[in-house]
């Protein structure tokens with residue numbers, strides 16, 4: 001029986017070709033995310049994978065909606081007839097992983113050489129700062145769409161660079177800095193974004209006080 | 001000068017009429033929650049108080065909505081024209097408190113002698129179970145409306161009793177058991193529901209292995 005990847009490519013004894021972790025770009029079969037899935041869907045999918053295996057309990061928060069008008073038709077469910085999208089006060093994802101409070105945002109860019117700050121909002125930075133102060137594990141999952149490269153980037157570094165803008169600092173984070181200070185994630189089959197491996201490294205670095 | 005309760009009733013040395021519950025009601029001003037506020041609003045208010053003082057970062061999650069139709073009028077914001085309420089997969093509140101992942105639900109009952117399980121859903125119990133397994137601090141804030149009594153009740157005990165239903169156990173938790181095993185919260189001015197004090201006790205009990 002022939003198996004196919006979600007992207008339609010045939011399966012061909014893939015595991016023997018898996019990268020050996022050290023050389024990170026040695027995989028002959030580069031997975032490019034599941035067909036037609038947005039970054040958000042890929043992360044939701046990965047969170048579900050982690051929950052089903054009792055690895056972590058992490059969810060995307062629902063989009064906040066300001067409800068203005070609701071109809072209650074007889075014998076059927078309530079219908080919202082007028083509502084508006086609200087600005088979220090927090091980041092999109094949070095939960096618990098092996099005793100750690102985990103809090104993150106997922107962002108993508110079409111840039112190839114740096115990640116622009118315009119992807120972030122002040123309230124997200126403030127939320128990260130408050131969560132870090134309480135001892136949370138906070139980060140951004142950054143995707144460079146043209147490069148199909150994904151990183152877990154620590155919120156603590158994001159905050160520092162965000163704050164530097166006020167004193168003439170850059171308006172973006174160079175890819176080289178993200179490669180140096182973040183943790184690259186390789187797309188795989190299941191979960192498609194195995195970001196908890198990168199989170200393990202982030203926690204380990206934190207415990208080493210690096 | 002005349003004082004009034006938040007509910008508009010004049011203050012009149014009210015405490016002498018209160019039941020003497022184990023000496024816990026020694027506050028001369030018994031507060032009954034803020035005027036017209038629901039339990040949810042009182043908790044949101046308390047969470048905001050805690051956030052502003054850097055005591056904890058805890059939010060109510062937005063209500064999940066299934067959006068069916070959105071209009072994008074020229075030069076104005078998107079209007080949701082048809083949407084439906086969805087069942088939440090998790091509990092309503094979560095966040096971080098002094099390094100602890102905190103996860104809870106807030107429920108009220110009109111009963112005076114027991115807290116009925118019909119206030120809970122299987123998915124909430126399952127969510128608590130998964131969060132406890134990861135090391136979270138999980139509980140319910142229970143309000144007996146006619147008694148104006150509030151408790152933090154540990155999710156671990158709730159789960160045990162919920163599971164016992166399948167083998168003929170009770171369909172509710174007796175108030176006496178909640179008094180014995182939970183942590184009573186006294187309404188106060190700010191925050192109106194100081195539940196983190198009860199959470200401190202819950203964490204301390206857990207660390208003692210009780």
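Backbone N, Cα and C define each Cβ position, glycine as well.
In the record from Swiss-Prot, residues A:90, A:92, A:124 bind Mg(2+); the candidate from A:82, A:105 listed for the same site is A:105.
On a Cα basis, residue A:92 (Mg(2+) binding site) lies 10 Å away from residue A:107 (site 'Transition state stabilizer'). Sequence-ordered, the extra residues of this chain that approach the Mg(2+) site, with Cβ no more than 8 Å from the Cβ center of A:90, A:92, A:105, A:124, are A:88, A:91, A:93, A:103, A:104, A:127.
The DSSP secondary structure for residue A:107 (site 'Transition state stabilizer') is strand. Least packed by the Cβ count within 10 Å, out of the binding-site residues A:92, A:105, is A:92.
Neighbour counts were taken as the number of other C-beta atoms within 10 angstroms of each residue's C-beta; across the recorded positions A:90, A:107, A:124, the minimum falls on A:107.
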